[in-house]
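Under the heading ATP binding site, Swiss-Prot lists 309, 310, 311, 312, 313, 314, 315, 316. According to Swiss-Prot, the compositional bias 'Polar residues' annotation covers 24-48, 209-228. The compositional bias 'Low complexity' annotation in Swiss-Prot covers 170-190. Annotation comment: Swiss-Prot describes 191-202 as compositional bias 'Acidic residues'. Taken from Swiss-Prot, the feature domain 'Helicase ATP-binding' covers 296-464, and the record attributes it to sequence analysis. Annotation comment: Swiss-Prot describes 22-59, 95-138, 154-231, 250-270, 824-890, 991-1067 as region 'Disordered'. Annotation comment: Swiss-Prot describes 412-415 as motif 'DEAH box', evidence class sequence analysis.
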């Protein structure tokens, strides 16, 4: 075979995957020995005997490639590699793409055939092949088998018919380059290279995961766990208009049958309705059954599922179906539907009431507006809850909601479930107390990066993903057409003038940062807040910033702060209009009034260019007909044309509620929203716009609470407003089927926000989308967001980049239960037709907040644990002796006196039997004597059961003291009693105490008398007043000073020890005997013992 110079050029222009370029060391040597490299030579591959046009590279390796000189010069230069490389055949089981240097040309890679041998091919006669060895024939067959296996695998992945290899007639294989075959060659290769698609040997695993080769060679494949009526011969294309070689099973058309996973797990704690477990209900109230909704709902019953569907394809219907079946399967378990805002919650309630048929009496809607006491009552009596995630977190933490009763959690707008959002906190809290609950996550845009999607899967415990794109086969017929119009604009003359003046104002500050190497940009109009923040951080972290003095650091920080505050004004001017730009500059200028503001802020305000700019802006903004941005003018024309084309305002009655079309306009800032509303209100009543913003209040703009937001949405649905100008609050979840036009006033670099905006239209009928973009950065952001969305959808559909958590998805249903689908009409209760929301009624006096309740997780260790027990070492406890149990004394009532006294008959019996002793000598029985046996009486005698009483103890003590008295005590006491009669006056004075005790006023050292008591006569310690004077005369008797002084001046006689002040010479005291003393002591305790129970009988009385 010979190839001319032109054919050689075309040969290298083709893709390397389409042809096989044989190369050997001999070829390289022949090229290097060519004396005329500028001339292109013809290629002649000559072999001893003519055989196939293309043979195995190994067969060609032994033949030299001869170059014949030609006089014609080629326009291409032949690349001569410096290193010799032998391009060998590589046979692999999977078409992976290993890393290899681009300068090295490798040989072809072939996929090996299956383990089972292929059908024997018919023998063919090769002309002139007798001189070749059998080794070449074996390698040729191996290559042919590899090509056959590759083509068969490709056809299977695309659902096409696999060509039979056992047939005797096979198409002839021809060369890639058109050339005539020499005479005498036999073209008996069983495949044609033209029949092999361009991407047959593509190694992209995300698009074509490897399949078992056994299925490709064994005939009919084994029936899997689902059956499908997918039509053959269809070829699905991807978002990039490429052939999808392995369409995901979930996107196949037709109904599939799934079963609960077989898992070994403990039985659920929920009470199940065994009669309803055999079937699961699919509502047919909405008409035709959609296969993708049937398949997704079935899988969501048995797995923790993430559903990613384009907007308007019935995610709420899927959620309502799953909620209905878990409501049937359980008796008292609770089902929760959470959505970010109250308008979304209210929207889902109305949809579930009309689809699932769950009784209204079992349903409630809870938000932060309801009192905690009312919410506690709702948690006790209801089973289905629609609420915001923040309210659910508060109820779970306070113990109002029981986490163990929850069996299903439906999460709407699940792309928010990242970081510390309330969705994540709810799932974490439930996992601590409940191991048996299902999670269903709904979203239209799962995420913009692989990390964000994986975070959603991890935080929610997702086990399966069901994703569809607008090009999926099973949803294509239900997707309404949406025409997207992208309109780009250039800056107007007024905007250019403002940019020039503002550039002159900011240029000095930018130059100062450039001179300090703190910022490298030259154009002030390219300033962004994020870029300035990063530049400040880099300069502070550099050597220049760390070594700078405080004055220089303060200067750089001040300049960065001023420029960052004005960077937002630059964005307003570029993308939103002159009026928002002017409002921002007015606020910046007001901060410098008086002594307010810093040095560089006042420098900008006092600049001549800034003053010129403000002089231009002031008359423009005061003109009501002024439109400060080319986007606004185009927007006005688009809205007017839309309403006029739909016949808006032409009704005879002029009823505004008859409006059949709606428009939603999305902006990024509230200033832009107010400016758009101001421009559109000029054309009322044809255009009836209203702004729709979030709850937080900003400077110059008040927020909307959830009640106001819900009211605006209802009026928008009824037709009171036919145009809504919304910020990001309106991007998610609003289902208004009459929205036929979406206008994106500015672009968003986030693919999630962009797709959410576009999803507000095309729900009930075809819709239109108009994107208003400025040339440059905004247009690039839109293209980037679109490409990012398409790439992420492809990654999620392949499922090769994510890790799913099947272990966190419980079965819940008992083992062996396989519910069968039951399609039927659901009877909607009459109570569900009420228009108002199922909110709890407000009360004049709401119930009190219940006390906080702490729920206990399952299998938790209660009580306190010792540190020694945590180490795993078991220590033996010291054996304690068992204490002897003492009998508990019982109270005994004291009987009456009449009951214990002897009767006359008993008295006679006592005297006759015990008091009278017969005999000659008289015997007398007397009371116990205390003077008998003095030594035994003064010592307590041993006791066993009954102890000595208090009276006995006191008696023993008295006798012991009496025993210690000496023999001469009588003479000593007589001296004490024989006192002088002159001492009587002193004794009486001292006993009456003419100096009364001072009242304690609470302060130390306070004096209450004018004079002190004489120190010569100290006051005795034990002074008692006579009894006859103490009772009648409370006031002491006054004594004359002469009599008192005479008593002190008399000679002092030494008093004997133990003298008593009451002793007198005239009489001698008669001390009572011991029996009298004992009787008096007992009488003082009588009154105390009368009303007291006797606990133990231990008295000797």
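Glycine is treated like the rest: Cβ placed from N, Cα and C.
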Could you pull out which residues elsewhere in the chain have a CB under 8 Å from any CB of the region 'Disordered' (250-270), counting only those six or more residues past its ends? 225-231, 236, 289, 291-292, 294-296, 298-299, 301-303, 330-333, 404, 407, 436, 466-468, 472-474, 797, 806, 809-815, 817-819, 821, 858
Looking at the binding-site residues 311, 316, the one with the fewest other Cβ atoms inside 10 Å is 316
What is the three-state DSSP composition of the region 'Disordered' (250-270), stated as helix, strand and coil residue counts? 2 helix, 0 strand, 19 coil
CB neighbours of residue 310 (ATP binding site) within 10 A? 23
Taking DSSP H, G, I as helix and E, B as strand, the motif 'DEAH box' (412-415) contains 2 helix, 1 strand, 1 coil
Among all protein chains shown, how many Cβ atoms are found within 10 Å of the Cβ of residue 313 (ATP binding site), not counting that one? 23
Once DSSP output is merged into helix, strand and coil, residue 316 (ATP binding site) belongs to helix
Over all shown protein chains, what is the count of other CB atoms within 10 A of the CB belonging to residue 309 (ATP binding site)? 23
Helix-strand-coil residue split for the region 'Disordered' (824-890), DSSP-based: 8 helix, 1 strand, 58 coil
